[in-house]
Amino acid sequence: MACLNVCSNKGAVDGKIKQGQETCTLDGTVDWHGRPAIRERSGTWVAGILILVNQGLATLAFFGVGVNLVLYLTRVLGQDNADAANNVSKWTGTVYLFSLLGAFLSESYWGRYKTCAIFQAIFVIGLISLSLSSYIFLLKPKGCGSDQSHCGSHSSFEIALFYFSTYLIALGNGGYQPNIATFGADQFDEEDPKEGHSKIAFFSYFYLALNLGSLFSNTILGYFENEGMWAIGFWASAGSAALALVLFLCGTPRYRHFEPKGNPLSRFCQVLVAATRKWKVEMIPSGEDLFELDEKEISNNGDRKMIHTQGFNFFDRAAVITSKEFNQIDKDARDPWHLCTVTQVEEVKCILRLLPIWLCTIMYSVVFTQMASLFVEQGAAMKTTISTFHIPPASMTSFDILSVAAFIFIYRRVLDPLFAITTKNAKGLTELQRMGIGLVIAILAMTAAGVVEFFRLKYATTECAQCEGSSSLSIFWQIPQYVLIGASEVFMYVAQLEFFNNQAPDGLKSFGSALYTTSMSLGNYVSSLLVTIVMRISTRGEMAGWIPSNLNKGHLDRFYFLLAALTMADLIVYIACAKSYKYIKFEGKSGIKEGNELELEV
């Protein structure tokens, strides 16, 4: 029995839509059978917690491979430090680049649930393939792969099988990531005040689950892999990913779904083509003559009406009604390649306004990616023993995870209420302000890393065959840089998740999350490019360059200081872009409709 909306769009009986005595959601979500979702029997934290646990297990599996991949490439495949760091950056970048594919399939055809299930299955297959290829082919002679025993050479087939497996993992995890975050947010009805608050909290807990999931892989699995027991680590990752998939499927009857809105690329192209065809048409500056569907038709489609905004006025021409199109509207024969709605035009404007902010987040991802590559190599060249116990360099990322957990609690329980009082804004700091703070802390993190490297070199042995542990400076001096990176993540990445999800149009929510992941992707590629450029410039004659195989002959500290300077320049550009940003406006959303309530104050 369908939910009965007995009132206008301004409100239903007691502000609710009811099915018999049960309340349905107001945001247009449906259940597994395509019927309007019933609030009491779908979504909320029951589904949300399942998704959080799924994310934690999938992250454990992913970082079980990714966190020590740079050491696997050097010890098992015999690559030098610079090549290994570049290959890890390219692989990680490809993971996040595949998020665009996942977002496209989700929004256009499959929906978020089906997309998550399919890509998680691919993820599991990739992990099993990597486990088998490592155990059977790559870890030869037996027992190799530790810091004391590197493996021998491998055939082209074995190398190709390794890269096939790792990039299958990249495809599975990349296509899954942007959709699971948005799918989790879908479980909360933002039209309901209580669930709307829970939706905001979900993003913080989602990022916390991501970090807690990697804690096990960075410590226990990291220890086994560092000791050369790579097969155990990879099989544990495969098992974790399989369990995550099973738990995700168990929640199927409980999930809420938004139906796919169709190909967003065609909608974007329709606006561009229609506006270009009318580039000579005269327009009223106020925008009163622009075409929009009536509220009933928009409501039936499960969409929300976007308010017309100034800026990018060329695209407004796509919604100008000519005399010929006026007759087509009367006959219900509108051609979207000639006439678009205001909401469709505003979707295009929204994406264009997001792009400058998105571009400014890439430099932060360059800083963040150092944790999985150069931080690990730096730690391996420091004193990694306490008595007879060896500390795996990759396990130092545990301090990043603990920092994230601590700062999420501190921000939500202490800083956010404090900022709400001092700024006289119930929302506290805006997402844009938090992202700016994240960039500032990232600058401090790179400065700290550079100072640590300066002193590591001071106490290092230059001439060494195996230079791991060649400095007397303890690896625990890396703690400040990891803690600062963790603090910056809470402000930057959690705010990014909220910002891109909230500011993306209804039919592009997964693309909003994909902007967050592709920022990471391009950050990894830019990092790889920077390493290549720096090595070409700094390697001359007998000079080993800034990041040689023997870090004791290089100047990794200068590379860290370079990243700090580039991030400072990026911060200046970011502030200019954030001050000019116009927030998305939906009809009937008072908290968003008043754009001046959310403007960035500097």
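Cβ coordinates come from backbone N, Cα and C, glycine included.
Here the structure is a predicted model, which means the values were calculated and not measured.
Now, the feature entries from TrEMBL:
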TRANSMEM  45-73  transmembrane segment
TRANSMEM  94-111  transmembrane segment
TRANSMEM  117-138  transmembrane segment
TRANSMEM  202-224  transmembrane segment
TRANSMEM  230-251  transmembrane segment
TRANSMEM  354-376  transmembrane segment
TRANSMEM  396-415  transmembrane segment
TRANSMEM  436-455  transmembrane segment
TRANSMEM  515-539  transmembrane segment
TRANSMEM  559-577  transmembrane segment
Recorded stretch that, among 45-73, 117-138, 202-224, has the most CB pairs under 8 Å to the transmembrane segment (230-251): 45-73
Same-chain residue ranges lying at least 6 outside the transmembrane segment (45-73) that approach it to Cβ under 8 Å: 79, 83-85, 87-88, 91-92, 120, 123, 127, 130, 145, 166, 169, 173, 176, 180, 183-184, 187-188, 198, 202, 205-206, 209-214, 216-218, 221-222, 225-226, 230, 233-234, 236-238, 240-241, 243-245, 247-248, 250-251, 254-256, 372-373, 376-377, 380, 392-394, 397
The transmembrane segment (94-111) versus listed stretches 202-224, 396-415, 436-455, 515-539: most Cβ pairs under 8 Å: 515-539
Feature contact check the transmembrane segment (515-539) with the transmembrane segment (354-376), CB under 8 Å, 3 or more pairs: yes
Considering the transmembrane segment (559-577), which listed stretch of 117-138, 436-455, 515-539 counts the most C-beta pairs under 8 Å: 436-455
Chain residues in Cβ proximity to the transmembrane segment (515-539) (below 8 Å; excluding those fewer than six residues from its ends, i.e. six or more beyond): 82, 85-86, 89-90, 92-97, 99-100, 174, 177-178, 181, 354, 358, 361-370, 373, 493, 496-497, 500, 504, 545-548, 555, 559, 562-563
